[in-house]
Amino acid sequence: FMTHHMRKKKARKQHFYTWDPFQLNPVGAEKETKRRCFQLAQYLVAVLVGMAVITSAVIAKGSLLVLSTMSSPHSRRPANEKQFYMLMLVFCLVFPNFLVFLKSLWRVAFKSFVQPNMKTMSFICAVECLVSLGTSILVLIVMPQFDVLTNLFISGGVCIVSAILQIVYRLQRETWKIIFPICSLTLTLTGYCLLGVDYMVRVSSHVDNQSDDCYIYIGLGIFASILVSICWWENPLQATNSMQKKLAELDGFRDFVFVISSILRIIVIGGVYLLYYAVIKNEDDGGIIWSDFNLDDGVVLKIGLVLLFMQAFFSAASHWFGVVACKIHAVRMSFALPVCCTGPAILLLGLVLFLTQAQKLDGTAHANMTEFCGSLSSVVAENETAIILELTRSICRTSLASYYFQWPFSMLVLEGACMWLGFVSCTYYVWKIKVQRIERTSQLFVRRLYESAFIDLSLLLNTKMKVILWLCCDHEYIYDIQNCVIYLCATMWHETYDEMLKILTSMFRLDRYRGDPKQEHKDCFDFECHIYVDDAFMTEKETGRRLVNSYVDDLIQVVIEVYRVFTNKEPDDVSIIEAPYGGRLMFVMPEGNMLYVHLKDKALIRNKKRWSQIMYLYYLLGWKGYIVKNPKKISRQNNPLRASLVSLDGEAYLLPQEDNDNKRRFISDDHTYILALDGDTDFQPKAVILLVDRLRMYYSVGAACGRIHPTGMGPMVWYQKFEYAVGHWLQKTAEHVFGSVLCSPGCFSLFRGTALMDDNVLKRYTTTASRASEYVQYDQGEDRWLCTLLLQQGWRVEYNAASDAYTNSPQEFKEFYNQRRRWGPSTLANTLDLLHSGLETVKRNSSISRLYIFYQMFTVGSSILGPASVTLMIAGAFQFVFKIEGTISIIIASVPPVFYIIVCFVTKSNTQITIAAIMSVLYAFLMTASFFSIIGDMVMQGTFLTPTGVFLVSMTIMYLVTALLHPEEFGMIIYGLMYFICIPSGYLLLTIYSLVNMHIVSWGTRETNKGEGAVKKNTNLLCDKNCKLCCWDMRLQVTQETENLMIQQITGQIAQQAPPLAITNQETTQQAAAKTEPQDKVDKRMEADLDVSGAKTPDSSSSDEPDRKPVIRFQDPSSDSSDDDDVDDFNELEDAEEFPISDWVEPVKEEFLKKLTYANMKRNLQEQIRYALRNKNEDETCEELVALLTDVLNRELSGDGPEDVQSESRLEELRHALESQARHYLRSAKMDRLLKRVKRAIDKTLTAPQVQKLDEGEHDFWDKLIERYLKPIVETKAHQEEVTRELKSLRNKAVFLYFIVNILWVVATFFLQAIGNDIISIKIPKYVPGKNTTGEFLKVEPLSLMFLLSFAVLLLVQFLAMLYHRVYTLIHVVSYRSTEKDYKAIDVSNNANSTCAHATAGN
């Protein structure tokens, strides 16, 4: 039904104003909507987390109360049992300190170590000792003396110091909120008073023979509570910015402090226990009896250990689930509410147990409470019933068992209510806390350590009053989310139409998600889109003009097509700008964000991806960063202030490109991000925002990448789908968890501006390769090299599994092999470079540890031994399938790799790939046979408990579980079989091919240039006809630019400074005519200027050249005195200046002039009016106005064809007619306030694309940048031969070292097989399911078993890392879904005043 409805709605929108109204509708162009299933899942996760918080907290606190009751001196349990339960209490207090000690020691040993400040560390250690002293006294000494209800209530007093500090420092934003800490302090003190009064009544009433020494324990309890409450002293001080430098300094060496303080806390806990129970108390008075630690009763031991486990595990679980609840934006429902309800829940649960279980105790009287409690003295219970009995006896120690009066029990109830209300009011700020997505635990909570004895209060008091989002370099805390600017930078190299469609659709989706840049966005970001097109120009043979090639033509058509899909009209604002590197197209996207297309001429600037990256990094981070920070040093922009260069909302303000630069003045480089993209990447806005979260919340993160999905059809794509899946599921997650991701792919990665601008990063990235190793490392894998530079400089690279991006993958075998021929050696070279500088990198980078370096060494070693391992696997397949002896099978398996190595050395690349394809098919058949043979062997053996069987089964189970944990990608498991049978091709043949062809440094993919093909063909024909002189032979070589750039410079074809190409004797370049000059006159002039023989004299060339250069007039903004109320004034040209334009400009402009055809203007006008009057209360006026203006347009253009472009004079007549009709209608309807918006809509409809001049300052920047870093490389033949020789030498060394290791591994295995399994082997007992050992043994050679176990351990480590990463990915996704943008129609009111005010503020 929904599909039919959408189809009907689409049909109503289809207008037949031309004979070609049909258009493409790329996948994903529709608006994103919140999926109901995700919303339900979000609420379900929040509910489950909330239940986990309260359940774990209740169990943890309840277990502590049970242990305290069982170890009480008033308990009827034997002395040895009470002593054992007291020891379990000690372990409960030690456990969280031990966890923090291990975590901090790990970070200090393997992450970062900062030399601590001894004064600060001494102060922190002293505070921790006091807190540990208070906790030990309260839990080990005081609580065993009290009943279970008093123990439940007394812990609420640990908030007293926090309440006092809140009152002293006045931390409330609203003055009246100071009542909360005042009430907390008052209620807590009242609770202590009620506690004293309650025990006074008990002593006077002789309840349970209560003695006077209880007052001592009450005083100790109050003193201990105050000591414990010091624990959270940092929270109020941080919120009030007191001791800010000290606290910021503490963050640097907090790990080391926790190592020391954890040990001190454990010592204090043990010291209090031994001092009180071994020194102060004697053996007859409850002291330690050392011989009683030998428990003979297994039930008591079991109960004690279970209670210890429940308290320790569930207190840690409650803390972790509390953190999760905050991170998923469920602070109230899943954190504050469950934690606050922990105490009442325990009380309610205890009441239920008392009413249901205590009455069932045998031997008790049930007449009244007093008799019931009195009869408990004769009851004896064992096992779990003893716990119920002791808890019941503890309750009977209250005033409920008084023979005189029971009303004092109400004071105990009031004490509990006061204590509970006291800590709830003290932590009122938790209910209003503002949490961003994926907050760090250290940003949410003051201390990493939780107090397990007071888990509920610890969670609330430990929550920061002000969540720190950022710690600046000058030790200043930032509490609010910072605005950021994102530059989307896509590099294009011979992309197809469909590939361009993907990247443009993704950019327009982000434009729709962000909305009007004048308005605030909940994600607090602005962005610009930049597309850098390599090899964008060609030379037209007939005229010699330098024009854009067919790839640029396709890109222009894609922009127009996508704009139509998203807005149902043509692009409104198009500017064409010449630049020293070629040219630039500037678009204002539908919502007002900017899109720039940079057209690179390889004759003027270096091409290929790395140089495009350097180009946009210097432009966006260097030049733009300079002009926004130094606005006075930059001359006024020469772009004309046009009314059309605004968003569709229709108010004149700063030009969008200038507005973005103006905003960046207030954004630090830390929050300036570069999103690196390929020309065929497809992504959703969600993917970008998830990456922004990683960089925004973690200062040390220099780059973040997402999950890359290969797209396409065919077996090669199927192989890559599973390869990419496994690589991201296991390898990238392991790198993220244990250290840092080594490669952030350039097809979809977000980089931090300050990271790229750091020393030894961008500057070194500009290095031109001159040695063989540099060609491999720098130019064959630029993305990995850039990440290596970031890691070596101390930045972290992260992986976000929820950030999905899609990119085209090689579909042909040849293209795939050529791509991996680049990637393989580059990956190895960069990894070895990182390992070589490992010790220095460990010192600089807190994310990389020595253990992580060892992990990478192990993975590199495994990859190096890949060919040998595959060869041995093939040998095993021969054994299974053909029943060949081990030594013979190894020899046979080694023949194909040796044969292919020889082939790679003696044949050409295409021949090598063809033979590899044939061998891959044969290997696939063998692997298929081997797979079924292994299964058959397990059936014949009657067991799968063989090394091969266990490995195969365990890998299958692991991959299945991994796929199940990625439900949206579970289908990838289907391609696992394809991956399995292609292992010899991917890990043996491909490795050989990539190493032997290491000396080839061409790109290998997308090398064909359809834009230049016709030109080359025509050049050859011209040469046959006209090449008469030597100079013409030179010209023939000049036109083939991809062959020899050096000769181009010799012939003078490359322009040095001026964008227009000069006319020389070697090239017949003809400039384009001016816009007002008819094309037939241009053709006639070209014929007149050319000699019959095709030659041209220098004099005539120079004298005619000025007449042939077209010019364009532009207006200086300083001379514009237009008023916003009069749109016509924007088009007046005063003080105009003329400048020449290049040949390529006019054809490009003609493409965009098609906007001014009758069909397009009619559709554009209707959409512009509807958008300008999109208020709900203006619908009727809007439709009537659309009908009237459409009639005017039909009447004025009745004699024109649907695709005729209107002249400028005709456009002026149309503008006058449309504005007159609109003015007449709106005045008659008494809606004059809408006139300005309607006039702006009309103006945007009739505005032609503009040709602009580049600002002089920016022009100078590009000239200097090209001269310094990006000047086209001209290599002499001698240098090329030298580089080729060095590359071949490097290739030979790498091949020798690489394969000698593999040969040694194969030879070692061969001799072990030759010696025989009976002499050297590991015997493994053979097991049969359901039976014991059969008495037989499986004999395995040591090397194979060692490698198998090592590989299994590596996969197991990666699997565990994946589980950890999955949990935090789920947290991030849920937190994003809770803040996801909801696309709703904007009901715009008459906000002209607010918009103008915004414009004034911007200026």
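In case you wondered, yes, glycine gets a Cβ from its N, Cα and C as well.
Note on the domain 'Chitin synthase chs-1/2 N-terminal putative transporter' (38-242): mean pLDDT across this stretch is 86. Summarising the annotation, TrEMBL assigns domain 'Chitin synthase chs-1/2 N-terminal putative transporter' to 38-242.
According to TrEMBL, the feature transmembrane segment maps to 123-146 (among others). Here the transmembrane segment (123-146) has Cβ contacts under 8 Å with residues 64, 68, 71-74, 86, 89-90, 92-93, 97, 154-155, 214, 217, 220-221, 223-228, 230-231, 233, 250, 257, 260-261, 264-265, 268-269, 272-273, 276, 451, 453 of the same chain, all six or more residues outside its ends.
The transmembrane segment annotation in TrEMBL covers 152-171 (among others).
For 178-195 (among others), the entry in TrEMBL reads transmembrane segment.
Residues annotated as transmembrane segment in TrEMBL: 256-279 (among others).
The transmembrane segment feature in TrEMBL is assigned to 299-323 (among others). Among residues of the same chain six or more beyond the transmembrane segment (299-323), those with a C-beta under 8 A of the stretch's C-beta atoms are 49, 52-53, 55-57, 59-60, 63-64, 66-67, 81, 84-85, 87-88, 91-92, 95-96, 99, 335, 339, 382-384, 387, 441, 444-445, 450, 452, 455-456, 458-459.
The feature transmembrane segment is assigned by TrEMBL to 409-431 (among others). Taking Cβ pairs closer than 8 Å, the transmembrane segment (409-431) reaches residues 149-150, 152-159, 162-163, 166, 177, 180-181, 183-188, 190-191, 194-195, 197-198, 201, 331-332, 335-336, 340, 343-344, 347, 398-400, 457, 460-461, 463, 465 in its own chain, all 6 or more past its ends.
Look at TrEMBL and you will find 887-907 (among others) tagged as transmembrane segment. If you look at the transmembrane segment (887-907), the same-chain residues 6 or more away from its ends with a CB under 8 A from one of its CBs are 867, 871-872, 874-879, 915-916, 919, 923, 988-989, 992-993, 996-997, 1295, 1299, 1306, 1309-1310, 1313-1314.
If you look up TrEMBL, you'll see 913-932 (among others) marked as transmembrane segment.
Feature annotation from TrEMBL assigns transmembrane segment to 944-966 (among others).
Annotation comment: TrEMBL describes 972-996 (among others) as transmembrane segment.
Marked as region 'Disordered' by TrEMBL: 1091-1129.
Packing against the transmembrane segment (1295-1315) from elsewhere in the chain are residues 864-865, 867-869, 871-872, 885-887, 890-891, 894, 901, 995-996, 998, 1341-1344: each is 6 or more residues past its ends and has a CB under 8 Å from a CB in it. Annotation comment: TrEMBL describes 1295-1315 (among others) as transmembrane segment.
For the transmembrane segment (1343-1364), the list of distant contacts is 729-731, 733-734, 736-738, 855, 858-859, 862, 865, 869, 872, 947, 951, 954-955, 958, 961-962, 965, 1305, 1308-1309, 1312, 1322: same-chain residues at least six beyond its ends, Cβ to Cβ under 8 Å. The transmembrane segment annotation in TrEMBL covers 1343-1364 (among others).
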Fill in the blank from the handout: Beyond a gap of at least 6 residues from its ends, the CB atoms lying under 8 Å from the transmembrane segment (152-171) belong to 61, 65, 138, 142-143, 146, 178, 180-182, 184-185, 188-189, 191-192, 195, 221-222, 225-226, 228-233, 235-237, 239-240, 242, 343, 346-347, 350, 412, 415-416, 418-420, 422-423, 426-427, 453-454, 457, 461, 465
